[in-house]
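> Below you will find the structure I want to go over with you.
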There are 2 protein chains.
Amino acid sequence: MDISFLGTSSGTPTKARNVTAIAIIESQGSDWYLIDCGEGTQHQLLHTRLSLNSLKAIFITHIHGDHCYGLPGVLASAGMNGRTKPLTIVAPKGIKEWFEATQVHTQLYLPYELTFVETEQFTEQAFGQFAVASTKLSHRVPSYAYSFTEVKVDASLNIEKLNALGIPQGPIWGKLKSGQDVEHEGQILRSAEFIRYLNKPRKVVVCGDNDTPEILRAECEGCDVLVHESTYTEALASKAKEAGHSYAKLVASFAQSCELPNLVLTHFSPRYQLDSEAETSMNEIQTEAQAEYSGNLFLASDFDTYRLSKLGELSLVLEK
Amino acid sequence: MDISFLGTSSGTPTKARNVTAIAIIESQGSDWYLIDCGEGTQHQLLHTRLSLNSLKAIFITHIHGDHCYGLPGVLASAGMNGRTKPLTIVAPKGIKEWFEATQVHTQLYLPYELTFVETEQFTEQAFGQFAVASTKLSHRVPSYAYSFTEVKVDASLNIEKLNALGIPQGPIWGKLKSGQDVEHEGQILRSAEFIRYLNKPRKVVVCGDNDTPEILRAECEGCDVLVHESTYTEALASKAKEAGHSYAKLVASFAQSCELPNLVLTHFSPRYQLDSEAETSMNEIQTEAQAEYSGNLFLASDFDTYRLSKLGELSLVLEK
């Protein structure tokens, strides 16, 4: 499964970074999921292989503009490009109302069905290869993390057990391996009892704005990758007037305490420049996080694609 | 005065063209006016010298998404970047209501005052160096053109007349030259009676979506530059299902009949490719327009800046 960053700036876009949008891409086929949709997300998509026709669902973390102002454009363009498949949007209260007001005032008609699910009412739901769950975070407005856990994992059959019980090789074995329970000679054979998973299910947690990483401890159980905002360094966080955001040290020390194998930081304040000579540079975020965290640390850039292998190894496979 | 194109595509953005936004820039200083504000306008601005702090007013031609979905982002970013100066938005009915719904649902607070003027109620108003007027066009929803006419034009005093009337050289002459009427020995001296304009006032008409250029005949009187959509060629216009748009021949033949000196076409369907070998190429629009129009014809590209000289000559001064 891949994680593609379409925007990695907080608040306003810069020449190098757009505002937030993240794609989770299934490991087979072209289906994908969009988490957040800052203004210009449809423009960023033009430079990727992702098609609005293969978009399975949109998840919005919170209703601030830098996370949702691209939604009307993405939905309108999907329609103009011929999408007819229904689309689900999981979003906090307010997004549906705003989008419906947008449709009315700007006379936007969509040639496909939209279903809104309020994150406040959302517990867990299957979307394609994933079970998606939400966790409430701490921010100035209701903000959520979404976790994506693989539903189907490569498995082998416990052939010794099947033979010992005298279950004949054939369609029954195939069904059990594909996860189906089977009735055989008046008995229910449970697939789960005959399967050996070759790997543990992959799990990625993608967070909205959040000033308390600790709130994620339970959700980070068994998690391979945490994608979390690091708007500031500790020094700038204390100077910034606005509350509700995390800084590198806070997130990194939390990730260390959870023994998280992979941490991707994003949503950087526009003050942080790529130029290491700049007054406020991305190097500071890197250095501050590295001092706390011994796992695999990544600072996302726009158009970075990270691949999570079946073994839970994360690597950057595509850079801009 | 300059005309900068920030977006020249209709409906959806392409890799080469954003959706509509056009800047009119005053000939002195850095004040400017934005006409339409498609999604991604604030991103385009990052690649120009235009500052959201020097933006004097926004004019929206109509409420379709490709002309207005960038408005919340532009207004929010102006605030985050420290704007405190009030801003006027002239826009058709619906934009104010949509923006206010956006503010409520996405908790957007602006640190400056916004004044909305409904285009339906707008006749003519002075903005900086310009008198701005609107003309109703023909489209699927109410759509307008905005004309920008210079208010102050270089002038010389009619010295012979002043001397003949015995008006002494000094402060009186200065006031008359700057356009002020003056009381002198119980008589009102009207500035206009002592001034010789060196050039006629420059006038630019920028149009929203419109399927009937003829509607602009009166507004094109004395106009130096007409900026008009040419979404299609004649062949594609008849095939396109949607109504309400113009094609190259229609606009060009109208411009010819008005003896307009300069015509800039924009708002091209994403079907038209820059590549002259493409199935549907920009060359077709150029060829179709040129066959009808003998004035100066330009097909706008994103980041093109055209300068209108005091003599009414239009030239491309900046290309991407």
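The backbone N, Cα and C atoms fix where each Cβ goes, glycine too.
All annotation found in TrEMBL is predicted automatically rather than curated by experts.
Given the structure is predicted, the values throughout are model-derived calculations rather than measurements.
Heads up, here are the entries from TrEMBL:
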- A:D66: active site, proton acceptor (ACT_SITE)
- A:H62, A:H64, A:H139, A:D209: Zn(2+) 1 binding site (BINDING)
- A:D66, A:H67, A:D209, A:H267: Zn(2+) 2 binding site (BINDING)
- A:19-245: domain 'Metallo-beta-lactamase' (DOMAIN)
> Could you check the binding-site residues A:H62, A:H64, A:H67, A:H139, A:D209, A:H267 and tell me which sit with their Cβ under 8 Å of a chain B Cβ?
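So the ones by chain B are A:H64.
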> Could you find out if DSSP has A:H62 (Zn(2+) 1 binding site) as helix, strand or coil?
coil
> What are the other residues, in sequence order, whose C-beta lies within 8 angstroms of the center of the C-beta atoms of A:H62, A:H64, A:H139, A:D209 at the Zn(2+) 1 site?
A:T61, A:I63, A:H67, A:L137, A:R140, A:V141, A:S143, A:G208, A:N210, A:G244
> In which DSSP state, out of helix, strand and coil, do we find A:H67 (Zn(2+) 2 binding site)?
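The three-state answer is helix.
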> Where A:H64 (Zn(2+) 1 binding site) and A:H267 (Zn(2+) 2 binding site) are concerned, what is their Cα separation in Å, rounded?
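Per the Cα atoms, A:H64 (Zn(2+) 1 binding site) and A:H267 (Zn(2+) 2 binding site) stand 13 Å apart.
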> Count the Cβ atoms, other than its own, that fall within 10 Å of the Cβ of A:H139 (Zn(2+) 1 binding site), considering every protein chain shown.
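The answer is 22.
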> Neighbour count, 10 Å Cβ-Cβ cut-off, for A:D209 (Zn(2+) 1 binding site): what number do you get?
26
> I want to verify one value. Collapsing DSSP to three states, which class is A:H267 (Zn(2+) 2 binding site)?
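Once the DSSP labels are grouped into three classes, A:H267 (Zn(2+) 2 binding site) ends up as coil.
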> Same chain, not part of A:D66, A:H67, A:D209, A:H267: whose C-beta falls within 8 angstroms of the C-beta centre of the Zn(2+) 2 site? Give them in sequence order.
A:S10, A:G11, A:V19, A:T20, A:D36, A:G38, A:T61, A:H62, A:H64, A:G208, A:E229
> Express the distance between the Cα positions of A:H67 (Zn(2+) 2 binding site) and A:D209 (Zn(2+) 1 binding site) as a whole number of Å.
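Between the alpha carbons of A:H67 (Zn(2+) 2 binding site) and A:D209 (Zn(2+) 1 binding site) there are 9 Å.
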> Taking 10 A as the limit, how many CB atoms besides its own sit near the CB of A:H64 (Zn(2+) 1 binding site)?
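The Cβ of A:H64 (Zn(2+) 1 binding site) has 26 Cβ neighbours within 10 Å.
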> State the Cα to Cα distance, in Å, between A:H139 (Zn(2+) 1 binding site) and A:H267 (Zn(2+) 2 binding site), rounded to an integer.
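Spelling it out, the Cα of A:H139 (Zn(2+) 1 binding site) and the Cα of A:H267 (Zn(2+) 2 binding site) are 14 Å apart.
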> Within 10 Å of the Cβ of A:H267 (Zn(2+) 2 binding site), how many other Cβ atoms can be counted across all chains shown?
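Counting Cβ neighbours of A:H267 (Zn(2+) 2 binding site) within 10 Å gives 28.
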> Would you mind listing, in sequence order, the residues at least six apart from A:H62 (Zn(2+) 1 binding site) in the same chain with a Cβ closer than 8 Å to its Cβ?
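Result: A:P92, A:H139, A:V141, A:P142, A:S143, A:Y144, A:G208, A:D209.
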> How would DSSP class A:D209 (Zn(2+) 1 binding site) in three states?
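In three-state terms, A:D209 (Zn(2+) 1 binding site) counts as coil.
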